[in-house]
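**Q** What follows is a single structure, and I will ask about it in a moment.
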Amino acid sequence: MAMTALLALPLVVGLWLVTGGRGLPRTTAGVAALVTSVVTLGLAAYAVVARPAVDQAWVPAAGIRWQLVVDGISAPLVVLTAAVGVLVAILGLRHVPEGGSAATFHGCLLLVEGGALGTFLANDAILFFVFFEIVLVPMWVLIGRFGDPHDARQRADAAARFVLFTVLGSMLMLTGILLLVHEAGTTRLSALPVAAADLPHGVQVLVVVLLTAGLGVKVPLVPLHTWLPPAHTTAPTAGSVVLAAVLLKMGTYGLVRLPFASLPEGWSTVAPVVGVIGAVGIVWGGLVCLVERDLKRLVAYSSVAHMGFVALGLATGTRAGLQAALFLNIAHGVISALLFVVVGGLKERWGSVDLSRPRPALRETSPHLGFALLLGFAAGLGLPGLAGFWGEFLAVYAAWSSAATDAGAHVLRWCAVAAAIGTALAAGYALRVARVVWVGDEVPPGTARFDADGGERVVTVSLIAAIVVLGVLPAVVFSVMTDAVNRVVGG
Amino acid sequence: MTTLLRLLVLVPAAAALLGLLLARQVALARAVAVVGALGTLGIAAAVLVGQDPQTVGTARLIPALHLGIPGQDAGGLSIPFWQTASGPVVLIAFVVALVAGCVQVYTTWYLRDDDRYGVFAASVSLFSAAMLLVVTSSDLVLTLIGWEVMGWCSYLLIGHWSRKEAARRAAHKAFLVTRVADVGFVLGVVILAGGAGTTSYVQVSGYWAGCQDSASAQAACAAVDHRVLTLALVLLLVGILGKSAMVPFHDWLPDAMEGPTPASALIHAATMVAAGTFVLAQLFDVLAADDTARAVLGVSTAVTMVWGAVLAFGQSDLKRLLAYSTVSQVAIMLSAIAAAPPQDGPTAGTFHLYAHAFYKALLFLLIGWMSVLAGGTSAVRLRGVARRSVLLHVAFLLGLASLAGLPFIVGGLSKEHVIEAAYAGSRAGDATGTLVLAALLLTVVLTAAYATRAYLVVAAGPANPPTIQGYRPSSHPSGADDGAFAEARVIAGPGGEMPAHAGDDLLEHDGPGGRLPAAAATDAAGHDLGRPPVAVLGVVVVLLAGTVLGGLVLFTDLLPGTRSPSGAITAVTVLLVVIGALLAAIASISRAPHPAHALSRGRVDPAVRIVGKRMPLFDNGFGADTAYRVLVAQPILALAHGVAHVDDRVVDATARLCARLVAWTGGLGVRAHSAERPSTGLVWVALGALVVGAVGVLGWR
């Protein structure tokens, strides 16, 4: 019951806000969204602790069931999603971008949250796909209507790109899912590994390729990533946060649940290619970040690099690799959320975040925002003691000591080297941003000073706390995942 | 013991966190920093006293991670997070805590008008926590954590005065260079851990070097691929060479002089550059198992110690002279580890690390004091400044004597131990040992020469800095220095391409109070800025005591396996030191009636005499900075531009082209439907439906 409520609450309230409650005043809508998201977070916490399961017939004719479960793999993501839901509600309370009513804005955020929660909770492949797609339209509205008010054409382009790329991916994924479900004879995700174990190798590889290509758009993997930077640049702050912290995770979560867990044999054939794609993504994203002029695009490309680490971890097919990928998922969610909150806040105030334009240094004018930005980039470059370190280190480790066969192992070792080089590139772009934006000459006395407002302070401080806790006590997340990981790998 | 070990890291870390939160309340921040540092020192002392050589203490710092089952499945890794407390560990931990404590106390005076004192003090606390973590670590991942956190702290400390472009550049460079080298460190750790399936030092050593102990471990030996071990160690060494500022990564360290002097003292004496030596000492068994890696280390350190000493001699800025002397001295520590025979262990290197911590911290804190007196750190400014305080004069002289390696002072003792170790290695027929020995003997002469030069400059009389000959206000863009040498640099440098020049300078005290840098200035409260408070003088005395009496540690059992230097080694060392000192002293004598850059009547700066017009070349480190830019930074940036171009014009253009194609076909369809003869269109639709239907029927079967 709690599970259904966990999904229904944000979806129903969100739907009401975008339809019947569209005319609600700003504060009322904001408070309603905040209350909803806080209750959802409470329900998510309960679901993660008590682990209730729901299993009811849904479309009996097709054997599709309304099945929701929480396990060690989804639990951290469920908490992350619900927590991010609260944070964006706070952000929305302080500022609703132009483009529509406040209620619509909050409603879309709640719909995205509900869809993402459903994706992480579904234990049925078709149900997973349905929730995966639910997210699409509200996100499109967030980008297309509430995005950057300066350029309508750019907004339309970014929103259309987002939808078209993602739908293309979804179609590939749907084909893969249908093929898999048809061949294996069950839609139940937890039963798929056993049911699909005896599939012919060719079919396994085909399904894995379809699923990986489809989900790879969402992750995104190079070279399917070019929708992400415009989407991030255009989306409002809250939208960027949700996009980075939640939506990308749906892609990696799908990779873990479908090809990785269901078809380990097919996955191991394709894995070296995925590893190379991941490694290329790490270096590619890092290099682009060294010269990118728009700070929001830069953060988006750094996401591409970080998702490369996730892909690399998964490609190894080992427990360490899977743990690395899952941990990095959470870590990147928190880190990118922080970065987009800060960079979005800067864009609201500056009008643009063009790095080539000289501006007073944040360390002089806005110490709080400056600190948050620096810490976010420090975490992004994988500094130990902060969240980003564990996933990256373990991904490199796993790639070096993978379970792959000889040729594959050789490839993955080179990927480990590339990934390690990627961490140096990350330091390069992090310091570049710090030098352009954070530090600078003393400002003249009359310079306009601004700093984080109340809402931003709450959000950034909570995210910073999360980054430090994940960095110092990684066991918090690893211990939750262990059992599920052991079940998936070599179960 | 286990609780104390944990507290040794957690107390300074907590002080850092608390200090950061209280950074705006200066009094509270100061209290937190000093109490935290002294508390850490107390804990380190307790650990030192309570240390029992028979039972080595261990503690688990945070909950262990077991990612899969080690040894049973590839990719499984166990990270136990062990700390340990052997004799050398507790000794070095104590020295680190002592230097960190001295630096914190000194900082309360040195940066008392700085508007970012709180952040600085918190960074120092975090820095010492990270170094203590590295020192007490018995786990590769714990070491890596401390290692990287130190790098970040160095970025914050070197760039503390971020309103100066030179400081921003120096911080940026320091972090980037060390981080690039750390690619090797991370991969080395990964490979070492990958073989052993765990990151515990004991098991890593057992796995990679176990077969040397007994014949019973033959089975384990078969599993070890020696090429992999070589690769792992060489990669690890790359990281260590980077952090320890060895050639070819050394150039970040002199630029790091842009940081406030207490930060320099910390980075040079007890943390960061010294960390690599200790990590290698802990992993000595693994290193000793591989001759290739030892040779790599030997060659790099042999080159570095001479290179650093030569550059130190020709610096126009005495703070940079000290920086290059660190480069050279750290190379001496590491060379001991490379050259010592395997059965001797790393003790000579550890001992030199211990000795260097005292006298280098002392020298840096003294040069900070001098810079306050003289308003800068260039040799021109510092002329005769030591004559203004007896303590300053004596302490600086003894610090330099220790640096030069006079016998019975701690630096001399440790240097003799290193030479003895290299001699033993050389006698055992090890080429690395011979190379290191030759470099060491040359370096002893050079070190004595530049130490003598530094003394001659600061002790020259009569002291009247404001009217030095040739002094003119500088137009150097970074405002980094003034005087004749700075001008020479500006003229010689290719249009602002010079590496950012270092030194505490006129802008050093640019806090909101607008303190005057001049020697006789007093602050608002009427204190004489040139006379530090008692606590700071106490710090100097403590470090001086360590410098003079530190050798007493040889009478304890904290440094096991020390091989006492023979009388011949001592005699040769003393002879070489005297030769070096005499060379410098003779070079300083001038017959010219009014020589340029005179120190006093009949004396000139020996560096000016010998290096002369080539000094700008020494100041920019023989162009290492340019090499970094041309050989590394520019190609990578060019590649990045290329990649960004491809990303837009190829990858994304493909997507755009697809969209165009779809839109175009869509347009065709619209045109077909809006044509004058709708019936034709209908025919096509019907035909299409028919085809689809037929395919469906055929395919259904």
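Glycine is treated like the rest: Cβ placed from N, Cα and C.
TrEMBL feature annotations, pasted as is:
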| type | residues | note |
| --- | --- | --- |
| TRANSMEM | B:89-110 | transmembrane segment |
| TRANSMEM | B:117-135 | transmembrane segment |
| DOMAIN | B:137-426 | domain 'NADH:quinone oxidoreductase/Mrp antiporter transmembrane' |
| TRANSMEM | B:141-162 | transmembrane segment |
| TRANSMEM | B:174-196 | transmembrane segment |
| TRANSMEM | B:232-253 | transmembrane segment |
| TRANSMEM | B:265-284 | transmembrane segment |
| TRANSMEM | B:321-341 | transmembrane segment |
| TRANSMEM | B:361-382 | transmembrane segment |
| TRANSMEM | B:431-451 | transmembrane segment |
| TRANSMEM | B:534-555 | transmembrane segment |
| TRANSMEM | B:567-589 | transmembrane segment |
| TRANSMEM | B:681-700 | transmembrane segment |
**Q** Where else in the chain does the transmembrane segment (B:431-451) make close Cβ contacts, counting only residues six or more beyond its ends and a cut-off under 8 Å?
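**A** For the transmembrane segment (B:431-451), the sequence-distant neighbours (Cβ-Cβ under 8 Å, at least 6 residues beyond its ends) are 291, 294-295, 297-299, 301-303, 305-306, 309-310, 312-313, 321, 325, 328-329, 331-332, 335-336, 338-341, 400-401, 403-405, 415, 418-419, 422-425, 572-573, 576-581, 583-584, 606-607.
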**Q** With pairs restricted to those 6 or more apart in sequence, evaluate whether the transmembrane segment (B:534-555) and the transmembrane segment (B:681-700) have 3+ C-beta pairs under 8 Å.
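**A** In this chain the transmembrane segment (B:534-555) does not contact the transmembrane segment (B:681-700) - fewer than 3 Cβ pairs sit under 8 Å.
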**Q** Looking only at residues six or more beyond either end of the transmembrane segment (B:232-253), which have a C-beta under 8 A from one in the stretch?
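**A** Residues packing against the transmembrane segment (B:232-253) from afar: 147, 150-151, 170, 173-174, 177-178, 180-189, 191-192, 195, 208, 268, 272-277, 279-280, 283, 286-287, 290, 292-293, 296-297, 300-301, 303-304, 307-308, 323-324, 326-327, 330-331, 334, 499, 621, 624-625, 628.
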**Q** Examine the transmembrane segment (B:141-162) against the transmembrane segment (B:265-284) and state whether at least 3 Cβ pairs sit under 8 A, considering only residue pairs 6 or more apart.
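**A** The answer is yes, given that the two segments have at least 3 Cβ pairs within the 8 Å cut-off.
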**Q** Counting only residues 6+ away from its ends, which parts of the chain sit with a Cβ under 8 Å from the transmembrane segment (B:117-135)?
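**A** For the transmembrane segment (B:117-135), the sequence-distant neighbours (Cβ-Cβ under 8 Å, at least 6 residues beyond its ends) are 8-13, 15-17, 19-20, 22-26, 29-30, 32-33, 36-37, 40, 44, 61, 83, 89, 92-93, 96-97, 100, 103-104, 107-108, 111, 142-143, 145-147, 149-150, 153-154, 156-157, 160, 260, 262-263, 266-267, 270-272, 275, 278-279.
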**Q** Near the transmembrane segment (B:265-284), which same-chain residues lie under 8 Å Cβ to Cβ, leaving out any that are not at least 6 residues past its ends?
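**A** Residues 88, 92, 95-96, 98-100, 102-103, 106, 124, 127-128, 130-131, 134-135, 137-138, 143, 146-147, 150-151, 154, 157-158, 201, 204-205, 236, 239-241, 243-245, 253, 256, 259, 297, 322-323, 326, 330, 333-334, 337, 345-346, 349-350, 353, 356-358, 360-361, 364-365, 368 contact the transmembrane segment (B:265-284) from elsewhere in the chain.
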